[in-house]
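Asker: Could you have a look at this structure, given as structure tokens, before my questions?
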Amino acid sequence: MVRLGQVMYLHKDAYEEYAKRHAELWPEMKTALKKYGATNYSIFLNKLTGQTFAYLEVPDEATYNEIAETDICKKWWKYMEPLMDTNEDNSPVTTDLQEVFHLD
């Protein structure tokens, strides 16, 4: 299992709406996440900076990254775009983090 961590960047006035939309995650998006291997997925918010920290585990990154090509993922990105920093394709601007410690 591969452990992934990344930072994303929310707009200051979007914290509550971001949390609300994730609390109401579309069933189709949840199914896609699981289909492409995501497990133990959590997102944390730093209200002082607007940064989120996402953590998830996947069997392999290549399979998980294929989710970006699905219609449901692209629809979710468009839905979330007003709330966060995004790229031209509406995907969130992210910073991948390097794991430096793990304790089982």
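From the backbone N, Cα and C atoms, a Cβ is placed for every residue, glycine too.
Sharing the feature lines straight out of Swiss-Prot:
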BINDING   Tyr18, Tyr41, Trp76, Trp77  substrate binding site
ACT_SITE  His22  active site, proton donor
Asker: Measure the Cβ-based neighbour count of His22 (active site, proton donor), defined as the other Cβ atoms within 10 Å of its Cβ.
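Answerer: A count of 13.
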Asker: Look at each of the binding-site residues, Tyr41, Trp77, and point out the one with the fewest other Cβ atoms around it within 10 Å.
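Answerer: Each of the binding-site residues Tyr41, Trp77 was scored by Cβ atoms within 10 Å; lowest is Tyr41.
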Asker: According to DSSP, collapsed to three classes, what secondary structure does the residue listed as 'active site, proton donor' have?
Answerer: helix
Asker: Which residues of the same chain, at least 6 positions away in sequence, have a Cβ lying under 8 Å from the Cβ of Tyr18 (substrate binding site)?
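Answerer: Long-range Cβ contacts: Leu10, Leu45, Thr52, Met80, Leu83, Met84.
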Asker: Given Trp76 (substrate binding site) and the residue listed as 'active site, proton donor', what distance in Å do their CA atoms have, once rounded to a whole number?
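Answerer: About 10 Å separate the Cα atoms of these two residues.
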Asker: What span in Å does the substrate site cover, taken as the longest CA to CA distance among Tyr18, Tyr41, Trp76, Trp77?
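Answerer: Of all Cα pairs among the recorded substrate binders, the widest measures 17 Å.
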Asker: Tell me the coarse DSSP state (helix, strand, coil) of Tyr41 (substrate binding site).
Answerer: strand
